[in-house]
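Trainee: Pasting the feature list from Swiss-Prot:
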- ASP151, ASP152: divalent metal cation binding site (BINDING)
- ASN385, GLN442: Mg(2+) binding site (BINDING)
- 385-393, 415-420, 434-446: ATP binding site (BINDING)
- 274-480: domain 'Histidine kinase' (DOMAIN)
- HIS277: phosphohistidine (MOD_RES)
- 1-16: topological domain 'Cytoplasmic' (TOPO_DOM)
- 38-194: topological domain 'Periplasmic' (TOPO_DOM)
- 216-486: topological domain 'Cytoplasmic' (TOPO_DOM)
- 17-37: transmembrane segment (TRANSMEM)
- 195-215: transmembrane segment (TRANSMEM)
Amino acid sequence: MKKLLRLFFPLSLRVRFLLATAAVVLVLSLAYGMVALIGYSVSFDKTTFRLLRGESNLFYTLAKWENNKLHVELPENIDKQSPTMTLIYDENGQLLWAQRDVPWLMKMIQPDWLKSNGFHEIEADVNDTSLLLSGDHSIQQQLQEVREDDDDAEMTHSVAVNVYPATSRMPKLTIVVVDTIPVELKSSYMVWSWFIYVLSANLLLVIPLLWVAAWWSLRPIEALAKEVRELEEHNRELLNPATTRELTSLVRNLNRLLKSERERYDKYRTTLTDLTHSLKTPLAVLQSTLRSLRSEKMSVSDAEPVMLEQISRISQQIGYYLHRASMRGGTLLSRELHPVAPLLDNLTSALNKVYQRKGVNISLDISPEISFVGEQNDFVEVMGNVLDNACKYCLEFVEISARQTDEHLYIVVEDDGPGIPLSKREVIFDRGQRVDTLRPGQGVGLAVAREITEQYEGKIVAGESMLGGARMEVIFGRQHSAPKDE
């Protein structure tokens, strides 16, 4: 069934265009041709009638009525074998005079025709027509050719009837003039054959021109299809916007879709990378706890709450990053209020377990009144990455302090490590960029932290600590709390 549909409804736009246009051209050509032929035929009949009427007037002029009889005196220069034949009837339809004696033709004249002026046609077989034109050898040859092609062919003869009223010298007469040469043998009849030839030539010329027109008109679509194939083969990123006006909107919308899909893909990939990085700390805590259980430094009852807490943290992180992946640009941030001190206590407790062997000393100087306005997981993600870096690169001490204004929350993390060179203090926030390539890491944590703070119209500033190491100042904006309902 599908093959039949494809056969009758081609999928190619060029073939569709060619067939539709060819059909329109054919219909219009037939319509115009038929109108022209019908007009020509009507004009030809009128011309023939006028010529035959002229013959009728001539014979009426030559006719004389004497002793109740009609006499027609033909001059010597009028050939009795002329291409017309004249019959004259009285008002009762009785034949008064005949130019030639052709019985079969006289029988074909209908009595009703004789009552008024008119133009008529009679059908005769080839043999009868041949008898009517026995003296014309060229016509006889043409009739022979017709007879050889079709012995039963019929010839059409034109008949003009003219009624003349009675006068003082002439009674009422009806003159019938028959064109002895059939219409089929006249050169004017060839116009139908010419029409077929012209129509055929028209189609033979028009179809190639239509094909060229279709090829030229559909080139932009072919170019677009080629660009789509290049997109599929990853040889181009976007469609060329410089196209025809009709395709501009389509190309623009497709490019928007491509950009949106690419951004969404990049977002998912980035989110997956960030999730992997964020799970490092809870997994490290679990690993450290299991190591302590194995060495019997910690009992099962002590390890259980720690492990459950980290498992809960992993579950929260997965949910958090799935939520981030589904968020669209411009999504409103949460306006929840969270005390900063408890959040940092939980983070430092987890990091102490991770860096237990290193013996990191983390000190907090956080006022209980200081709060964070926003998504709790955002705060934990930012501070977790910053504190993890501080614990990783410090020698022993890490200090955390905080202050708050009406619009901003400032948290400062300092360590006594080697610090960050001045030339690297902006590079470290780029994904995949790390100052110390000897230590394990992917260079993702600080990039994630900065992206989140920028969502809060904040930033992270790297500097030099009074302890001799790095100083990271995390600034959260948009910290004005939501107005309370009165």
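Cβ coordinates come from backbone N, Cα and C, glycine included.
Are these features on the surface or tucked inside, and what touches them?
Mentor: Under 8 Å, Cβ to Cβ, and six or more positions away along its own chain, ASP152 (divalent metal cation binding site) finds ASP125.
A helical conformation is recorded for ASN385 (Mg(2+) binding site) in the three-state DSSP classification. Packing around ASN385 (Mg(2+) binding site) is summarised by its Cβ count: 26 other Cβ atoms lie within 10 angstroms of its Cβ, all protein chains included.
Around ASN389 (ATP binding site), the same-chain residues six or more apart in sequence whose CB sits under 8 Å from its CB are GLY445, LEU446, ALA470, MET472, listed in sequence order.
Its Cβ taken as reference, HIS277 (phosphohistidine) is surrounded by 20 other Cβ atoms within 10 Å in the chains shown.
Model confidence over the topological domain 'Cytoplasmic' (216-486) is summarised by a mean pLDDT of 84.
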Trainee: Taking each of ASP151, ASN385, TYR393, PRO418 in turn, which of these binding-site residues have a Cα lying within 10 angstroms of the Cα of HIS277 (phosphohistidine)?
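Mentor: Cα within 10 Å of HIS277 (phosphohistidine): ASN385.
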Trainee: Rounded to a whole number, how many Å is the Cα of ASN385 (Mg(2+) binding site) away from the Cα of ASP151 (divalent metal cation binding site)?
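Mentor: One finds 107 Å between the Cα atoms of these residues.
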Trainee: What's the most sparsely packed of the binding-site residues ASP151, TYR393, counting other C-beta atoms within 10 A?
Mentor: ASP151
Trainee: Return only the integer: C-alpha distance in Å from TYR393 (ATP binding site) to ASP151 (divalent metal cation binding site).
Mentor: 116
